[in-house]
Each structure stands twice: as C-alpha cells, then as structure tokens.
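Annotation source Swiss-Prot lists compositional bias 'Basic and acidic residues' at 590-599, 617-630. Annotation source Swiss-Prot lists N-linked glycosylation site at N203, N246, N291, N437, N445, N497. Among the features that Swiss-Prot reports, region 'Disordered' is placed at 586-638. According to Swiss-Prot, the topological domain 'Cytoplasmic' annotation covers 541-638, on the basis of sequence analysis.
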Amino acid sequence: MSSCQPPPFLSSMVVRWLSVWIILASSAFASAKCAADYYVRSLPGQPEGPLLKMHAGHIEVDHENNGNLFFWHFQNRHIANRQRTVIWLNGGPGCSSMDGAMMEVGPYRLKDDHTLKYNEGSWDEFANLLFVDQPVGTGYSYANTNSYLHELDEMAAHFVTFMERWFELFPEYEHDDLYFAGESYAGQYIPYIAKAILDRNKNETVIAQRRLWHLKGLLIGNGWFSPVEQYLSYLPYVYKEGMVKNDSDEAKGIERAHSDCVAELDRAKGDVKIHVDVCEKILSAILDVSNKSGHCVNMYDVRLTDTFPSCGMNWPPDLKHLAPYLRRDDVTSALHINKDKKTGWTECAGAVSSSFRPRKSKPSADLLPGLLESGVRIGLFSGAKDLICNHIGTEEFINKMEWSGGKGFELSPGVWAPRRDWTFEGETAGYYQEARNLTYVLFYNASHMVPFDYARRSRDMLDRFLGVDITSIGGNPTDSRIDGEKGALTSVGNHPNSTLAEQREKEKLKAATWKAYYKSGEVALVVVVIAAGAWGFFLWRSRRQRQGSGYLGIYPSLNGLSSGSLPRYRNKRSSRDIEAAAEFEASELETLHDMDDRSPGPSRDNYSVGEDSETEDEKRYPPTDFDRQDGTPSASRT
C-alpha cells in the first residue's frame, strides 16, 4: 500500500509549494490595480447632495526613476450627441493642474479651506474631464529628485505612456472624441503631446489592434507659443492699456529692455529658444516701473495690484484656500495619494521649473501648422486684461503663421476672416475669428485665467468648439450669439438628459466592463486553478484515507487540514472580488441620468457620487523666472 503513496517529504514539499504559489498569485492580483482602486468614495467639504462620479490617483510612467503622474477624472454628467473626453493641463512649467480643477473648469470651487461649492460653469456637463499633474514632480506627481525632465519631447513621451496605462484602467473612454485644453505654458505642452499622439496612431500595431486615439482638437487659453512675437508684445500692450505713457521717463527703461531683446532675437537667427533670459527683463522692467509704495501691477490681470515683488503671485483670491485644502490628510486619502509622495502639495514646483528649460525643443508655434493641416482643430482664446501672455502677442503670431495654403486668417489672398461679435445672455462678451481649422476668441474684461472670471462663458465656448448639440435632448439653451446668430443649441446651467445617446453609452460601458473583468480575471484564474489542483490532490488523498487505515498515520502533518479549508479560502477571495466588482460597478456603471427624478433648474443628478514643508529640492533649486511662488518677481506662465 505504501508504494502507491507519495513519500512524506514530497507531501510536505507540495504543501509548501502550493502555499507559495497561492501567496504569489494573490499578491499579483492585489497589486494589479483596477478602476475600483481609484474610485473616490467621498470628498471632504463636498456640497450637500450625492458625490460626483470621479477617480483619482497615481499612474507610473517611469519605473526606473519612480516617476508617477497624478490624475483626477470626473465623469460627464450628460451625454449630448457623442461621447467626449477633455484633458486639462496647467503650465508653469511645474504648476499643478489642480489650479484648473479647483479654480477654473472643474465641478467644484473652494468657499474656504474646508468647504466646496459647485461651479455652475464646469466643463464636465457634456464631456469627461481629466486633470493631470505633469511633468513628474508637479503638484501631487512625483519622481526621484535627480530625474526631472528637461525637454518637451521627453514630457510628451511620458504623457503618452500615462495615457496608455490610463486607458488600460478605463477602456470605456479609449474611443471617445479626445480634446486637450489648458492655459499658459500648456501652449508648449499640448502641441507636443498632440504630435506624439498622431505619431503613435501611425504605428502598425496600434492600427491592427484598432486602438487609435481620436484626437479632435486643442483648446488653449492665454498660451505661450512663440517667444519672438510674445516677448515683443509687452511694450505695445502697456502702451495700449495706458499703463505707461510713450516717451515718458518710465517708458525709457522698458524700451531699453525691449531693444536688448530685439538684438538677442536677431543674434539667434531663427534658432530662438522657448525661454530667453534677456527678453524676460522686459516684463521685469514693467513690474518695476509699476511699483508704487510697495504695490505693483498684477501681471495676470492689469486691472488689479499686488504687493511688490509678487505682482500677481497671490492671485486669484481662491489660491489662499487651495494649498491648505489639498494638504489635508483626509483629502490626500480620498484622492489616493501614494505614500511615496513625501511632501505636501505645492502650486508650482521650483525644482521642476529649474530643470525644465528646453534647449533642444523648438517653440510649439512651429508645430501648429502641421497639426492644423492634419485635421486637428485648434482653438486659441485670450483674456484681454492679461499681461504675461497677452492677446497682442497671440494675435501677432497667428497673423504670421502659414498653413493650408494661406496666412493667418486669410480666406483668400488679401481677404481676411471678419471678427464676429459675441454676446452672452445679452452682454457683450468678446469676438470670434475663424479660418481653416483655427478659431480665435477674445474675452473682453478677462484675465490670464479666463474660466476663473467667466466660467459659464468659457463653457459656452467649449461647447461650441466641441460641437455639442442638445437639439435632440431638450433643456433650455443659453442665449449665446455670434453676430446675432445663435448657432447650435448648447446649455449652461440647465442639465438636460439624453435618451438614445445615453442608452448607446450604457451598452458601451457594459461591454468595456466585461472586458475589464476578463482582464482582471486572468490573474484570479491562476489562483482558482491552483486552489482546484490542491483540492483535487487532497480529495484523492482523502479517498486513499478511507481505503487504507495507515494513510493518516503515514502523513500526520495533514491531520489538521479539513476538507472545507480550501473552499473557505477560495470563498474569501471570491468575496473580495465581488466587493471590488461592486465598487467598479458603482463607479463606472450606475445609470447616468434619471428623467423621472429630475427637478427643474440646475441639477447634479449624475453625482454618484499635509502640512507644507520646504523640500531639499526647493532649497537647491530656488524659484526662477517661470515659477509661481509668493514673494518672487517671477513670470510664471501657469
């Protein structure tokens, strides 16, 4: 009888190996994150009512250097004629996109450092919103301190990696119409990312797998694109705004700095860098001249003043609440901030800005013609009261740019597209100008951060740019007119519901969810197979036990293992999987809208809703011209 039984040492070894395999498989399953791991279940200070559907956390983009980008995603509240995702980036370089999320286009605004309120002009009405802190080291993102990026193509490569891994987690969004939006130095980031996406889409493997990303448009406000035209716009802008009188003693210092910049740009002979130290002195001279009794002009809104030398760094007023809120332990826990993030959130990272000084990258203005000709629509908008990235410089570089057989806003040789007056709810709002895939919008009486000043107008601009049409949905369209014409119906502040489009989206989400379950189930299957094999082995031994009285005596080490132990273990695994699936379903598959329960007026029915410390980086890398730090006379293009 003993010849039919495995030797005692083999039995012991099998048990140990089974244990090791189960532990390893369990660890792999636990470490492979899914969408449910990023689901935001509560948000401190949230307004009354159910929470918005959102996900947040880190995604690794550079394993070697521990590079992780932070994202915060808000699901759209309603679906109009098609599904869209807008990715928002702030600038700096090194300034957090939480500025955009909490002070501009996100669904929440801060009342104080512990209370949130709804933003009635939030961009998540008809589009999914994805905010990303990048490059690594910015905001909640992090990396080893010696691995910050230097060039725009490096940044774009990181971002494409981020998107690949984000879509693996959220496959239901991969085939959305994709738009990028942002402001200031994002005028450099976004065109480079767009080019990297178009290059990726040419990859044969991507084409074969039908994983093309449907990049439709770029929407950039008060962007930094072309140093030549934009540096040289400072002097004419201050003259136009009456900030300095021509030929005055105050003007002479600014004019000297302007002349030095012209000479430096001439010496570059077409090889102009994105950042030119000599030309930065023009803005510094303007701020110095404006200094009166310790107060200077706000470079982001020339109607305002600030203490010298901050000159706008303390603006907007919501900023004083932002850092205290985002450093709270309960907030970082809610947003799934990794423990590897050792320091508190800062608006702009001096170390990132000091490192990110592109020497090889050409200005993004050189990329725009190719993007336009490829079919990507581009919208540029300016707040008329911004100095640092003012509208004169933007308009000048547009007028010189050539693409699709024309120059600037030419409709035909010598015939330019007209500037069309825009009114919003009966008030003059600005003007539109369009030609050959490019749209330009000037917002009257607006600052560097247009959505902060006019959230609902900015959302109206977004809906027009995205081509949102609520004709088949219902709701009360906003009274927004260009040259007196209303155009496509869009809605701001009233939240209609989709029927057919919503049903199609539910089917899409259901298919994507089964795909996600299958993917995560591959790892779980390993655990089940191993457990089943172990159960079969012990079942065989139990039968031998019943057939021969010497079985238990020969293998006393197995006496404590009952027939129900492995099933109980497997059931514990299954219960955790069911809980994760329920969380995934709660975050991804809840009904988007409820027609019966909708109340009139603005609704939120689709809501399913650290202490700061000076780092060694900040000591070694003091704030520079591009950094937005209190108490510095810097020129941060946030």
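Just so it is clear, glycine is given a Cβ too, placed from its N, Cα and C backbone atoms.
Reported as a whole number, the C-alpha separation between N246 (N-linked glycosylation site) and N291 (N-linked glycosylation site) equals 18 Å. Here the CA atom of N437 (N-linked glycosylation site) lies 25 Å from the CA atom of N203 (N-linked glycosylation site).
Counted within 10 Å of its Cβ, the other Cβ atoms near N246 (N-linked glycosylation site) come to 9, all protein chains included. Cα-Cα distance from N445 (N-linked glycosylation site) to N437 (N-linked glycosylation site): 26 Å (rounded to the nearest whole number).
Here the glycosylation sites are N203, N445, and the one with the most other Cβ atoms within 10 Å of its Cβ is N445. In the three-state DSSP scheme, N246 (N-linked glycosylation site) falls into the coil class. The DSSP secondary structure for N437 (N-linked glycosylation site) is coil. Calculated from their C-alpha atoms, the gap between N291 (N-linked glycosylation site) and N437 (N-linked glycosylation site) amounts to 42 Å.
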